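Colleague: Pasting in a structure now, in structure tokens, and then I'll have a few things to ask.
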Amino acid sequence: MKISAKDLWAGGILMFLAVLGLFINGGFLGLGLEQHTLGTARRMGPGYMPMLVFWLQFALGAIVFILAFTNGPDPLERWTKLDLTTLAVSLAVGIVIWRVMESMGINTNYVQVGAACFVALLLLAISPAWRPLGLVLASFAIFALLLEPLGLMLSIAALCLISALADREHNPVSVAGMTLALCVICWFVFIRELDIRVPLWPTIFG
């Protein structure tokens, strides 16, 4: 059987993280650490969008996992010392930041987990093998951290900029175009049509 080990692991990890996210959000078979109100597609509750994203992620992971049995052979590459070192350091630093912020009382509105993840993922990206994964995930973390104080538009710009750095050969013009298009689409879908109450522009100055 022509199995792609990379796709097999990737699909499995995607599904695992999706189930974990659903459990934390409270949208996995009615179980979870948090019982966020789901609402409807027209009037979304705080748990609706995370639930939708995690179910889509689970479906994507399942597709990748199934296709792995026909996409091979594609074995995993051996990890280098740099790969292992950056992974260990990033995990340690993330845990330290989490604990420090908790001791300072900064443990609300996802700031604690977002800051810990962002710094840890930037450190992970030092390794060339981890760079794409680290920077793409770091862009999600910075989006969550900046959304409330800086608004939707600047948060999307930060997300696109950091995720684009995952590709060393990215085109600045293409990144700018993608950022503009994503800002327009998000404004139209989430602000105009769905009336999601998030700030468009910075709120920290007034």
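Glycine is treated like the rest: Cβ placed from N, Cα and C.
The structure displayed is predicted, hence computed values, not measured ones.
Per TrEMBL, the feature transmembrane segment maps to 12-32, 52-70, 82-101, 107-126, 133-166, 172-191. Marked as domain 'DUF1468' by TrEMBL: 127-199.
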Colleague: Using a Cβ-Cβ cut-off of under 8 Å, list the residues of the same chain that are 6+ residues beyond the ends of the transmembrane segment (107-126) and lie near it.
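Modeller: 82, 86-87, 89-91, 93-95, 97-98, 101, 133-135, 137-138, 141-142, 144-145, 148, 166.
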Colleague: Taking a Cβ cut-off under 8 Å, which residues six or more beyond the ends of the transmembrane segment (52-70) line up next to it in the same chain?
Modeller: 1-8, 10-19, 21-22, 25, 27
Colleague: Six or more residues beyond either end and a Cβ under 8 Å away: which residues meet both conditions relative to the transmembrane segment (172-191)?
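Modeller: Hits for the transmembrane segment (172-191): 152-153, 156-157, 160-161, 164, 198, 200.
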Colleague: What are the DSSP helix, strand and coil residue counts for the domain 'DUF1468' (127-199)?
Modeller: 56 helix, 0 strand, 17 coil
Colleague: Restricting to the domain 'DUF1468' (127-199), report the mean pLDDT as a whole number.
Modeller: 89
